[in-house]
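J.: Okay, handing you the structure first.
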Amino acid sequence: MFTLGTALSNQIDANWQTYVMIIVYFIILLIIGFYGYRQATGNLSEFMLGGRSIGPYITALSAGASDMSGWMIMGLPGSVYSTGLSAIWITIGLTLGAYINYFVVAPRLRVFTEIAGDAITLPDFFKNRLDDKKNIIKIISGLIIVVFFTLYTHSGFVSGGKLFESAFGLNYHAGLLIVAIIVIFYTFFGGYLAVSITDFFQGVIMLIAMVMVPIVALLKLNGWDTFHDIAQMKPTNLDLFRGTTVLGIVSLFSWGLGYFGQPHIIVRFMSIKSHKLLPKARRLGISWMAVGLLGAIGVGLTGISFISERHIKSEDPETLFIVMSQILFHPLVGGFLLAAILAAIMSTISSQLLVTSSSLTEDFYKLIRGSDKASSHQKEFVLIGRLSVLLVAIVAITIAWHPNDTILNLVGNAWAGFGAAFSPLVLYSLYWKDLTRAGAISGMVAGAVVVIVWISWIKPLATINAFFGMYEIIPGFIISVLITYIVSKLTKKPDDYVIENLNKVKHIVKE
């Protein structure tokens, strides 16, 4: 009998072809990293944003791959397997959020970040948009990014280490270091261009995997009658409303609000060649996301019948994809599918490393170094950017060396933290002419604080009243919106040229 959640190497003989496939995958990543390094010009914007020269298809898949992470391949199938189709509500919320993001945020952000000081980070954009000469908003938002993304990144290293431990019986720390060395190499040397190309490559692998596994599982089981079998085994798992409430569904939908403020996702919009290419990126990106999420749901559902038929003991449902990929397929294909999991994990790690590095370099080092003759110090800034990648990675690896549940729980709420702190501010910055520095700073801080307070002290009260169990992005987002508006109305309006920039952006986007 197989057991979900224990080392597969103890249950399935690892074939040399599986290892070959993983090694080939790593070699391809290293080659892409070297290519990115060869293309480098020594310019910070080029290292951090690819010189704003990225095409629509790489933009689309790199955004999707860095967004979905291992959650799409491991988390969602495990959730569907355990709780059923009620997990679909979060996928609807995420897809709607991503779709709206392409329409509402992407075009204006791409144009605005270039015409207003050529901002290469989100904090830099806030600073330029609000004419914050004291750099207060830049420092606060940069600090939020550095702290939360360092913690966020460590969870990816933990996932990578556990994958090698589970699939190959390798020591956790050895697996962690293997993932770290590869991802640091291509991010350190290749910068944004290498990260974007590898994310595109990894996005393709992830999509193929999410289509292959549920289809082959259906063919190996009982075809479409498998769903009838599932209904017999776990009838409640096909119920969209099982175990949910109106508040629960709203909470799941609200995940979509976070998209407008996720730095590692919206930076993709800043790097595309032209805002006119965004419709192409949107069509591919949302299609990729929809197919991938449907595939993940398919893995979870077919897994119910598969696990039962094969008499596999379930301890950790999130290893469902790993088990199915290794039992259903030839070792060579199984290795490819394990590479898909690594792709999901590493694409997010690299994106978060680069965003954090960008913030350390652009939002802190350049402030300390001074802006005088900045153009003559580009190679120095690129070097600092590379060293920042290494520094953040070392800190994240150190935290991941001894996984701590408390930290992992905090990382699980980082989406809400970024969404509450940055989403309202991004929307206000792009659409509201009366936004002021004081309003922006107050709303951003209030959103982040509400999320932390809700997680720490209010959410535990859900045992008394279900209302307190709502997803923390909802109160955080609402408070941030209100505080930003009220404080902006009570403080001095921005200068005319700030409003002129906003009008200029509107005009360019409409062209």
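Placement of Cβ uses the backbone N, Cα and C atoms for every residue, glycine included.
Worth saying up front: this structure is predicted, and the values here are computed from it rather than measured.
Below are the features listed in Swiss-Prot for this protein:
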TRANSMEM  16-36  transmembrane segment
TRANSMEM  54-74  transmembrane segment
TRANSMEM  85-105  transmembrane segment
TRANSMEM  139-159  transmembrane segment
TRANSMEM  175-195  transmembrane segment
TRANSMEM  199-219  transmembrane segment
TRANSMEM  246-266  transmembrane segment
TRANSMEM  284-304  transmembrane segment
TRANSMEM  327-347  transmembrane segment
TRANSMEM  381-401  transmembrane segment
TRANSMEM  407-427  transmembrane segment
TRANSMEM  438-458  transmembrane segment
J.: Could you pull out which residues elsewhere in the chain have a CB under 8 Å from any CB of the transmembrane segment (438-458), counting only those six or more residues past its ends?
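T.: Sequence-remote neighbours of the transmembrane segment (438-458) are 126, 130, 136-137, 140-141, 144, 410, 413, 416-417, 420-422, 424-425, 428-429, 468, 472-473, 475-477, 479-481, 483-489, 491.
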J.: Which stretch, 16-36, 139-159, 284-304, 381-401, tops the Cβ pairs under 8 Å count with the transmembrane segment (199-219)?
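T.: Going through each listed stretch, the top one turns out to be 284-304.
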J.: Pairs 6 or more apart in sequence, C-beta under 8 angstroms, 3 or more of them: is that satisfied by the transmembrane segment (16-36) and the transmembrane segment (246-266)?
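T.: Touching, no - the transmembrane segment (16-36) and the transmembrane segment (246-266) miss the threshold of 3 or more Cβ pairs under 8 Å.
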J.: Could you give the residue numbers and ranges of same-chain residues that sit at least 6 residues beyond the transmembrane segment (175-195) on either side and whose C-beta is under 8 angstroms from one of its C-beta atoms?
T.: 26, 29-30, 32-37, 39-40, 46-50, 54, 62, 156-158, 160-165, 168, 271, 342, 345-346, 349-351, 353-354, 357, 382, 385-386, 389-390, 393, 397, 400-401
J.: May I ask for the residues of the chain that lie six or more residues beyond the transmembrane segment (284-304) and have a Cβ under 8 Å from a Cβ within it?
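T.: Counting only partners 6 or more residues beyond its ends, the transmembrane segment (284-304) has Cβ contacts under 8 Å with 56-57, 59-61, 63-64, 67-68, 72-73, 76-81, 85, 87-88, 91, 94-95, 98-99, 102, 203, 206-207, 209-211, 213-215, 217-218, 221, 226-227, 230, 233-234, 237-238, 317, 320-321, 324.
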J.: Of the listed stretches (139-159, 246-266, 381-401), which one yields the highest count of Cβ-Cβ distances below 8 Å with the transmembrane segment (327-347)?
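T.: Looking at each of 139-159, 246-266, 381-401 in turn, the most contacts to the transmembrane segment (327-347) are made by 139-159.
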J.: Can we call the transmembrane segment (381-401) and the transmembrane segment (85-105) in contact, meaning three or more C-beta pairs below 8 angstroms at a sequence separation of 6+?
T.: no
J.: Same chain, outside the transmembrane segment (85-105) by at least 6, Cβ under 8 Å from its Cβ: which residues?
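T.: Distant Cβ neighbours of the transmembrane segment (85-105) are 67, 76, 79, 237-244, 248-249, 252-260, 265-266, 269, 278, 281-282, 285-286, 289-290, 293, 296-297, 300-301, 426-427, 430.
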